[in-house]
Every structure is written in structure tokens, then in C-alpha cells.
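Visitor: Heads up, here are the entries from TrEMBL:
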- Gly16, Gly17, Glu18, Gly19, Val20, Gly21, Lys22, Ser23: ATP binding site (BINDING)
- 14-202: domain 'Thymidylate kinase-like' (DOMAIN)
Amino acid sequence: MPNQAPPRGLFITVEGGEGVGKSTNIEYLRRYLVEHGVDLVVSREPGGTAMAEDIRQVLISSRTEPVAAMTELLLIFAARAQHIETVIEPALARGQWVLCDRFTDATYAYQAGGRGMDPELIRHLEQLVQGDLRPDITLLLDATVAVGMERARDRGALDRFEQEQLEFFERVRSTYLQLARESSGRYRIIDANQDLAQVQQQLHGVCEELLDCWGVRQ
Ligand SMILES: Nc1ncnc2c1ncn2[C@@H]1O[C@H](COP(=O)(O)OP(=O)(O)OP(=O)(O)O)[C@@H](O)[C@H]1O
Ligand SMILES: Cc1cn([C@H]2C[C@H](O)[C@@H](COP(=O)(O)O)O2)c(=O)[nH]c1=O
């Protein structure tokens, strides 16, 4: 009898502005899903492979030379191409779930919303680099810019993106909220202003929904 391919894994992304709690809550999600038997790959963007992590360092390092918005955008998609081809696609094809800290919605929020680049340009690159690959579900951790930046500052030195003006982060936040409205079927908005226990209570509900969805796929 021919081997049957495993059902394709679920592609989950976590988005939000600086300091809203993505890393902290990805660890909560990872633990919950693994404890419930999910074969999971956790990754992040920019990054997720040795080469893409090198590109991440180039992107986030503070520097005196001004960085052209186009250079930034192309580096982000170069890292993404490497990440998709060597990590994300193979994992999904093996039936593993992929939980990724940021993906292309971050490019719409930061490069289009924050920097003012034309979203059509991002759509072209998205199609070129990703083909049909899109997240199945996106969790948006939404907090006010004041709350997120206070948490980011308490954590330590700020990187090149974190040194932007408050208006930049307001545009990033409103772009994320607009994306969530436009793709409401894919998005789950989590109120990340709350304390950690309350945030994780909201995430618990999403995890149950994800496991139900998994049951349907099996
Ligand atoms: N709900 C919360 N209430 C209070 N503090 C929190 C909460 N969530 C996270 N933190 C703290 O805020 C800081 C930033 O959290 P974390 O690094 O998880 O955010 P992040 O979204 O990954 O940040 P960045 O995108 O800037 O890397 C950490 O010190 C974390 O312990
Ligand atoms: C994927 C992606 C990321 N960025 C920016 C946003 C953040 O400031 C940094 C990554 O650091 P973090 O620890 O995840 O906060 O990169 C971006 O501008 N565009 C993107 O597509």
C-alpha cells in the first residue's frame, strides 16, 4: 500500500508591536501545545536559520549610516525566502505545526505602516517569495504603544527599530489593527495590556480552538 502523506501542519504567527509580550507568550503557547501532543517547530522572523539570523543582526543593529527603506525591505524578504525554503515549508509538509514570532504582516505593519512604503510593493514580494504560503491563524498581541515601549525599555538596550519615534509605533499598531479587521477570519486579537495571567487566559482559549482544528485535520 502506498505511504500516505501526513496532513499538512498548521502555520501560526504571532504579531504585535515592540514589548507587547510575543516572546513570553510564545513560550506559553509552545508549552501548552507540546503538552497536548503537537509536534511543533518554533521560529521567528527575521531569522529562524543561521543565515537569516545573520541578516536579522544586520537589520536590528544600530548604525550611523542611514538605512534605505528599500534595503531594509529586501533584506527582510531575503531572510524570509531562506526561512521558508529551509524551515517552514519542510516542517509543514512533514505535518509539523510552525509557531512563528512575526511574519509578513509585520512587513505591512512596519515597512508600509511605519515607514510609509507602498503596500503593493510588499504584495508583489509576498507573492514572489511565498507563492501560496500564508499563515492559517495569526494572534495579534495588542497593547498601547506606551505599555509596549515601557516593557521594552525595562528589558534593556533598544535596537534600531525600537529607537524609532512614538508616531512610527502608533502607525505600526493601527496597521496591525487594520489588517486584523480586513482578515478577521484569520486573526485573533489578544488584549496584551492586561497582566500576564489574564493574557494567558485569553491564549488558553485560542489554544483550545487550535486543538479542535487539529482534531478536524487528523
Ligand atoms: N502582560 C504582561 N505584563 C507585564 N509584563 C509583561 C507582560 N508580557 C510581557 N511582559 C514583560 O515585558 C517584557 C517584554 O516582553 P517580551 O520580550 O515577551 O515582548 P516581545 O513582544 O517579544 O518584545 P520585542 O518584540 O520587543 O522583542 C519582558 O520583560 C516581559 O517579561
Ligand atoms: C518580520 C519583520 C520584523 N521587523 C522588525 C520589527 C522588530 O523591531 C524587529 C525584530 O525584532 P523583535 O524581537 O521581533 O521585536 O524587526 C520589521 O520591521 N519587518 C518585518 O517584516
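Glycine is no exception: its Cβ is also placed from the backbone N, Cα and C atoms.
I would like each feature placed in context: is it buried or exposed, what are its neighbours, and how far apart are things?
Guide: Remark: Ser23 (ATP binding site) has Asp101 as non-local neighbours, by Cβ distance under 8 Å and separation of at least 6 in sequence.
For the domain 'Thymidylate kinase-like' (14-202), the model gives a mean pLDDT of 97.
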Visitor: If you count Cβ atoms within 10 Å of each one, which of the binding-site residues Gly19, Val20 comes out on top?
Guide: Val20
Visitor: Among the binding-site residues Gly17, Glu18, Gly19, Lys22, Ser23, name every one whose Cβ is found under 6 angstroms from ligand 1, counting any of its atoms.
Guide: Glu18, Gly19, Lys22, Ser23
Visitor: Whose Cβ, among the binding-site residues Gly17, Gly21, has more other Cβ atoms within 10 Å than any of the rest?
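Guide: The largest 10 Å Cβ neighbour count belongs to Gly17.
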Visitor: Give the number of CB atoms, excluding that of Lys22 (ATP binding site) itself, located within 10 Å of its CB.
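Guide: The Cβ of Lys22 (ATP binding site) has 19 Cβ neighbours within 10 Å.
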Visitor: With Cβ-Cβ distance below 8 Å and at least 6 positions apart along the chain, what are the contacts of Gly16 (ATP binding site)? List them in sequence order.
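Guide: Lys22, Leu140, Leu141, Asp142, Ala143, Gly148, Tyr176, Ala192 - these are the non-local Cβ neighbours of Gly16 (ATP binding site), listed in sequence order.
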